[in-house]
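Trainee: Relevant sequence annotations retrieved from Swiss-Prot are reproduced here:
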type: ACT_SITE; residues: Asp95; note: active site, proton donor
type: BINDING; residues: Ser53; note: D-glyceraldehyde 3-phosphate binding site
type: BINDING; residues: His96, His212, His252; note: Zn(2+) 1 binding site
type: BINDING; residues: Asp131, Glu161; note: Zn(2+) 2 binding site
type: BINDING; residues: Gly213, Gly253, Gly254, Ser255, Asn274, Ile275, Asp276, Thr277; note: dihydroxyacetone phosphate binding site
Amino acid sequence: MPIATPEVYNEMLDRAKAGKFAYPAINVTSSQTLHAALRGFAEAESDGIVQISTGGAEFLGGQHNKDMVTGAVALAEFAHIVAEKYDVTVALHTDHCPKDKLDGYVRPLIAVSEERVKAGRNPLFQSHMWDGSAETLADNLSIAQELLARARAARIILEVEITPTGGEEDGVSHEINDSLYTTVDDAVRTVEALGLGEKGRYLLAASFGNVHGVYKPGNVVLRPELLKELNEGIASKYGQPAGSKPFDFVFHGGSGSTAEEIATALENGVVKMNIDTDTQYAFTRPVVDHMFRNYDGVLKVDGEVGNKKTYDPRTWGKLAEAGMAARVVEACGHLRSAGQKIK
């Protein structure tokens with residue numbers, strides 16, 4: 001299927017909220033990990049989101065130049081072509097972008113889509129993330145207002161993170177403490193600045209104890225029920241009916257989450273869940289297994305010539321793709337998006 005148009009992307013998000021499921025947002029760093037994500041979505045019969053972080057884009061730009069925009073645009077254009085061969089609909093997104101990288105990443109990418117839209121085409125990416133969690137909320141929302149206005153004109157959705165997610169993601173790090181919980185006051189200030197859709201659609205990465213990276217169960221206290229409090233607080237203040245879900249929430253830092261925590265988040269308006277750490281492991285684990293099992297073929301040991309079939313990147317690359325795709329299928333099951341593809 002083609003990459004989602006702006007209209008289809010909005011439909012995807014509306015369907016997720018109404019159906020109480022969420023789309024896995026899979027970080028990719030190469031054409032191979034892109035295919036793994038697309039394959040996983042197709043096998044699960046789930047639509048989904050593929051995203052590129054600043055670090056991923058830099059890697060894609062090549063180690064000689066490390067140009068983030070070049071890397072992101074190149075993989076996005078590639079995705080627009082290869083996605084046609086998969087019977088699911090996928091949206092393209094850029095992940096965490098802090099203030100010091102806006103001018104080298106998100107702003108130029110919005111400009112690319114602005115030019116495409118002026119020419120009567122669809123935007124290259126369907127959404128971009130502004131991560132202002134390291135800034136004061138006032139500065140965060142001020143920049144978000146500027147980006148939201150540009151995104152709306154380019155038919156793009158903006159994702160904002162208003163309070164910190166713990167751990168580290170591509171150089172953006174926060175301590176694990178009480179600041180990891182968004183308050184109703186934070187939500188009110190967000191709506192005052194960004195509106196409730198009339199200024200452009202945005203996704204909200206609210207914090208309810210989330211932590212990026214790897215952690216053991218019990219080390220982090222997630223409170224997904226907090227999302228209900230945020231929705232209720234805004235619905236009450238703005239005269240919306242009881243049970244309204246004014247926000248499109250994003251779940252960051254979900255590695256190690258329990259099924260119950262994920263279910264509670266879905267019930268309260270989460271429509272997108274970022275997955276990176278787990279799929280990185282799922283991609284790499286089969287490669288390690290292959291290398292250990294074929295050590296004397298992969299390396300030229302004791303004067304031998306090795307075995308080309310074992311060190312051919314396609315041999316172990318196929319295993320990596322299959323491993324990551326299987327983890328994407330698992331994620332679709334956890335998030336209830338499996339079998340929910342747009343017909």
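For all residues, glycine too, the Cβ spot is worked out from N, Cα and C.
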Trainee: Name the residue among the binding-site residues His96, His252 whose Cβ has the smallest number of other Cβ atoms within 10 Å.
Mentor: His96
Trainee: State the Cα to Cα distance, in Å, between Ser53 (D-glyceraldehyde 3-phosphate binding site) and Asp95 (active site, proton donor), rounded to an integer.
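Mentor: Cα of Ser53 (D-glyceraldehyde 3-phosphate binding site) to Cα of Asp95 (active site, proton donor) measures 4 Å after rounding.
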Trainee: Do you see any of the binding-site residues Gly253, Gly254, Ser255, Ile275 whose C-alpha is within 10 Å of Asp131 (Zn(2+) 2 binding site), and which ones?
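Mentor: Final answer: none.
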Trainee: Give the distance between the Cα atoms of Thr277 (dihydroxyacetone phosphate binding site) and His252 (Zn(2+) 1 binding site), rounded to the nearest whole Å.
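Mentor: Computed Cα spacing between Thr277 (dihydroxyacetone phosphate binding site) and His252 (Zn(2+) 1 binding site) is 11 Å.
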Trainee: What three-state secondary structure does DSSP assign to Thr277 (dihydroxyacetone phosphate binding site)?
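Mentor: DSSP call for Thr277 (dihydroxyacetone phosphate binding site): helix.
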Trainee: Do me a favour and check the Cα-Cα span between Asp95 (active site, proton donor) and Gly253 (dihydroxyacetone phosphate binding site); whole Å is fine.
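Mentor: For Asp95 (active site, proton donor) versus Gly253 (dihydroxyacetone phosphate binding site), the Cα atoms are 12 Å apart.
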Trainee: Do you see any of the binding-site residues His96, Gly253, Gly254, Ser255, Asn274, Ile275 whose C-alpha is within 10 Å of Glu161 (Zn(2+) 2 binding site), and which ones?
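Mentor: Checking Cα-Cα distances against Glu161 (Zn(2+) 2 binding site), the binding-site residues within 10 Å turn out to be His96.
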Trainee: Measuring Cα to Cα, how many Å separate Gly253 (dihydroxyacetone phosphate binding site) from His96 (Zn(2+) 1 binding site)?
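Mentor: Computed Cα spacing between Gly253 (dihydroxyacetone phosphate binding site) and His96 (Zn(2+) 1 binding site) is 12 Å.
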Trainee: Output the one of Gly253, Ser255 that, of all these binding-site residues, has the highest number of other Cβ atoms within 10 Å of its Cβ.
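Mentor: Of Gly253, Ser255, the one with the most crowded Cβ is Gly253.
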Trainee: Rounded to a whole angstrom, what is the C-alpha distance between Asn274 (dihydroxyacetone phosphate binding site) and His252 (Zn(2+) 1 binding site)?
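Mentor: Approximately 5 Å lies between the Cα of Asn274 (dihydroxyacetone phosphate binding site) and that of His252 (Zn(2+) 1 binding site).
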Trainee: Expressed to the nearest Å, what is the distance separating His252 (Zn(2+) 1 binding site) and Ile275 (dihydroxyacetone phosphate binding site) at their Cα atoms?
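Mentor: That comes out at 8 Å between the alpha carbons.
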